[in-house]
């Protein structure tokens, strides 16, 4: 197939180009030019568990000023404005007591405060250190990072966040970091006394200071600070700012944060999967088209003969192929919501590939996805109405209501349930009531009206005519061989779409659960294209086999054949949980499997819709091509 070869060549070209470039993105925000002595504000964000070289041990983020941490805080911490997506992803950004002035107090010890940590809170802090929690700051829109070494590539990169304590230390309780060396990398504008922040590196350390005077030296002490869980602990916090000139341009300052481990292995694995999938689907399409061409030619030649010939093969079911399937209401509603998800995913990936979703705008990806999902409710209403009317449905009010509320209600109910678990764990990821009201407002004020308008347009259009008439009496379906029975055929059909995405799925899951930045949207877009092609061709192939076996119940089977890939995603998430996570908390486990179930369900509806619409087009095409009395 020409398109298969072309796409394979494009993949290879992208590989050769990508090995020498970073992810493409727009800066997203205007640069701030600092003058000497101008204040550089430090904002604090939620503490999150890090994966690193260890297994992830928790999924619960905590507010920086959560009372048990006893960090130095202003009298009244001021929260900073955040996007809807940033809030949903657990960001809680506040101001801080750190005082930084551009190029001032270089390498000078700064005393912050003294805190008394009770034994009960010390146990809480020690548990979080053992779970490898990281502190997150923001300086000039850049996250504070720790410098890490990619052993295989032998390159340094910035890993977002820095350790709360030393989880690898050989102590009964791990040391707490209470001193921070803050390295601010700046770029001087040519011909101007103005400076831009292009990097933030924090090197934490643990020092047991005996007094405030001792802490004012910021020098390393002979003992490390280990919190006792049976008595009160005195903690002195200090920091030191180091201003380092850099040649990094402001527009590319995120490059060191968007690090990809083993990029060549990543590319080769992905391209290998894509080529295999393209080869298989190309062969499937070629064989299918040749077989169909012979079938159609034979049927039309027999029809032209005077002798009456008995139909055989898939032509036998022409009187039942467009019979309304069971539960057409539910099927049409799912197809409408799947079309909505498809449009949302396509447009979001387009914006991301063009670089509009800058990493500087925290939560921009989630915000854009949510907005597009609401706007494309029009598509959901329209597709659902057209499919429902095509099969003779007349309960249009029920169709409109279910399209607007059924699937979103399921997702929102799971979201609310998971939010209760986060609230009980006192996590910063618990979504505030005001944000929940905002989401409900978007749903009822934007999504529902647009869905109703789409349904109105869909029901007003003429009914889609079928190319063949439907008999009044259903035809009896003969016994099917094992591999054409519903469950085996669906499981076989879902393997190939899953195989097209499972490599990229690994990196996406690392980003979601490991608090890493995912910015390989070129990969994701390419995989989505392959996924769409694979779902379409696999569903069409299995549908053709079923028709040849005189089984005309294709509607739900087409939806569930490609939709079965959602089942494989959930199975993969279980394997990921067992191999990459080391979670003992019930709340973390519920959060993980709850969101994994949501992702799997949405993916199943998305891929099922792709398969069904492709199969519908295929069936209409072949039955329009034959002559039927």
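A Cβ is built for glycine as well, from the same backbone N, Cα and C atoms used for every other residue.
For 1-23, the entry in TrEMBL reads signal peptide.
Annotated transmembrane segment per TrEMBL: 267-289 (among others), in sequence order.
Marked as transmembrane segment by TrEMBL: 328-357 (among others).
Under the heading transmembrane segment, TrEMBL lists 363-388 (among others). Note on the transmembrane segment (363-388): residues 28, 82-89, 91, 328-329, 331-333, 335-337, 339-341, 343-344, 347-348, 351-352, 357, 396, 399-400, 403-404, 439, 442-443, 446-448, 450-459, 461, 464 of its chain, located 6 or more positions outside it, place their CB under 8 angstroms from a CB of the stretch.
Long-range neighbours of the transmembrane segment (400-423) within the same chain, counting only residues 6 or more positions beyond its ends whose Cβ lies under 8 Å from a Cβ of the stretch, are 60, 329-330, 332-334, 336-337, 377, 380-381, 384-385, 429-431, 436, 439, 443, 447-448, 451-452, 455, 587, 590-591, 594-595, 597-598, 601-602, 605. Positions annotated as transmembrane segment by TrEMBL: 400-423 (among others).
TrEMBL lists 435-459 (among others) with the feature transmembrane segment.
Nonlocal intrachain contacts for the transmembrane segment (490-513), taken as residues 6+ away from its ends with a CB within less than 8 angstroms of a stretch CB, comprise 51, 56, 59, 266, 269-270, 273-274, 276-277, 280-281, 483, 520, 523-524, 527, 530-531, 534-535, 538-539, 542, 557, 560-569, 572-573, 576, 580-581, 592, 607, 611. The transmembrane segment annotation in TrEMBL covers 490-513 (among others).
Under the heading transmembrane segment, TrEMBL lists 519-547 (among others).
For 559-578 (among others), the entry in TrEMBL reads transmembrane segment.
When Cβ-Cβ distances below 8 Å are used as the criterion, the transmembrane segment (590-619) is approached by residues 59-60, 321, 331, 334-335, 337-339, 341-342, 345, 407, 410-411, 414-415, 417-418, 421-422, 493, 497, 513, 531-532, 535-540, 543-544, 547, 554-555, 558-567, 569-570, 573-574, 577, 581, 583 of the same chain, each at least six residues removed from its ends. Annotated transmembrane segment per TrEMBL: 590-619 (among others), in sequence order.
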